[in-house]
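**Student:** If you scroll down you'll find the structure; I have some questions about it.
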Amino acid sequence: WKKLYLAHHWPVTVCKMSANDCQDPPEYWTIHGLWPDKAEDCNRTWHFNVSEIKDLMSDMRHYWPDVLHSSLNRTQFWKHEWDKHGTCAATLEVLNSQKKYFAKALELYQHIDLNNCLLKAGIKPSSSYYQMTAIKEALTRFYGVTPKIQCLPPEEGEKAQTIGQIEFCFTKELQLRNCTALKGESALMEADLKLGTEELSVCSDTLPTYYPSQVQ
């Protein structure tokens with residue numbers, strides 16, 4: 001793999017996507033995962049062990065919650081992220097244990113500080129629409145790179161898409177980089193999030209965009 005995606009999802013949109021027991025989703029962007037492009041399930045024998053991240057628990061529950069399920073089987077989400085993505089990211093020395101992988105994702109999340117950046121740009125959850133180009137420009141101005149933004153397409157009778165996920169890309173040295181393919185890289189693996197029947201896809205630049213403040 002060539003780069004890592006740090007995916008943030010917007011809990012309100014995630015809750016809108018499928019039959020789930022979402023209750024009072026957080027009103028801040030949370031971590032979906034830290035994903036190497038083009039690699040999944042790299043070591044099926046390296047099992048997730050929650051006791052390895054016990055020191056990180058309060059941060060994990062706050063910043064990396066399982067939005068779709070209430071608290072009981074909360075570790076399933078982390079297990080899935082480790083099995084599918086962490087075992088692949090572990091080829092990097094800074095990510096080569098469960099503790100390092102989850103701790104580094106939390107650190108990158110704090111460093112990006114997406115919640116604050118959007119607020120500073122005047123982009124906050126609202127019942128009115130945003131232009132996707134304005135959101136992109138604000139993020140690019142702030143970070144100096146272009147993130148990948150995913151939306152729920154408009155439902156029947158709606159004219160607006162709903163913002164759901166913002167992914168920042170990092171080099172193997174953990175430096176921010178553009179999410180678009182560089183020369184010599186093959187096209188991106190589309191890691192589309194499928195939940196229930198609806199799924200996220202790259203946002204359209206032309207559709208009005210919802211950034212919802214509560215689950216409708």
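Every residue gets a Cβ built from N, Cα and C, even glycine.
Just so you know, TrEMBL annotations are computer predictions that nobody has curated.
So TrEMBL lists these for the protein:
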- His32: active site (ACT_SITE)
- Glu81: active site (ACT_SITE)
- His85: active site (ACT_SITE)
**Student:** What does the structure give for the C-alpha distance between His32 (active site) and Glu81 (active site)? Integer Å is fine.
**Tutor:** 8
**Student:** Write out the long-range same-chain contacts of His85 (active site), meaning residues 6 or more apart in sequence whose Cβ is under 8 Å from its Cβ.
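**Tutor:** Expected: Gly33, Leu34, Trp35, Pro36, Ala39, Glu40.
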**Student:** Please determine which of the active-site residues listed here (His32, Glu81) has the lowest count of neighbouring CB atoms within 10 Å.
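**Tutor:** Each of the active-site residues His32, Glu81 was scored; lowest Cβ tally within 10 Å is Glu81.
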